[in-house]
Amino acid sequence: MINLILLGLPGAGKGTASERIVDKYHLTHISTGDMFREAMANKTKVGLEAKSYIDKGNLVPDEVTAKLVEERLSQPDIKEGFILDGFPRTTVQAELLDGITKRLKKPLTNVIALEVDEDTLIKRLSARYMCKNCGATYNKLSKQPKVEGTCDRCGSHEFYQREDDKPEVVKNRLEVNEKMNAPLKDFYQKKGLLTVINGEQTPEKVFEDIDAVLSNNQ
């Protein structure tokens, strides 16, 4: 069984890598954003608790997020293992996750960090733009529409760039994220779970390196 956390700054390629890992290893992809939406829609006890904070514009406390993660990891669909997306973000959350995986007897097997130079990340993120009509995401470096100037999904010709994808904003976002990411890497390094992979490579080569690490668990 593979129970995995994928770490990396925005633009490091976690989304693409996650899809490939899920396809090959049949892991359950667990996103905290999706969990919150699902729990609130289903009006579960933890979902309602989280909603009470969100409705007031407050951050959801770590303990509530951890309860939600534990609820999700307890579900029967996690047979082959899981890949966690968006949790933990801090060492406090990592400690809480430790407790959860021990209680559920589903220990983490791997923590993989995708390392990409800041300049590359800024280039990647500030190349992103979106369809004004349907929100489809494109990238000037890696994912242009099939027909230039026409959205693949809805056929619209209007595009825009989000404020937080502009270079100066991207730089600030990366600095904030790195402050959170570095202690997490140290935390898992000390536990002997961390593997660092060069995220500057092609998506195919990145997955090849991840695959080499994960195949040792089978």
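Placement of Cβ uses the backbone N, Cα and C atoms for every residue, glycine included.
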If Swiss-Prot says Gly11, Ala12, Gly13, Lys14, Gly15, Thr16, Thr137, Tyr138, Gln201 bind ATP, which of Arg128, Arg153 does it name for the same site?
Arg128
What is the interatomic distance between the Cα atoms of Tyr138 (ATP binding site) and Phe87 (AMP binding site), given in whole Å?
26
Looking only at the region 'LID' (127-165), how are its residues distributed among DSSP helix, strand and coil?
3 helix, 12 strand, 24 coil
DSSP three-state call for Thr32 (AMP binding site): helix, strand or coil?
helix
I'm trying to understand the geometry here, so how far is the Cα atom of Arg128 (ATP binding site) from the Cα atom of Arg162 (AMP binding site), in Å to the nearest whole number?
8
Using the residues the record lists for AMP (Thr32, Arg37, Asn58, Leu59, Val60, Gly86, Phe87, Pro88, Arg89, Gln93, Arg162, Arg173), what whole-number Å value is the largest Cα to Cα distance?
29
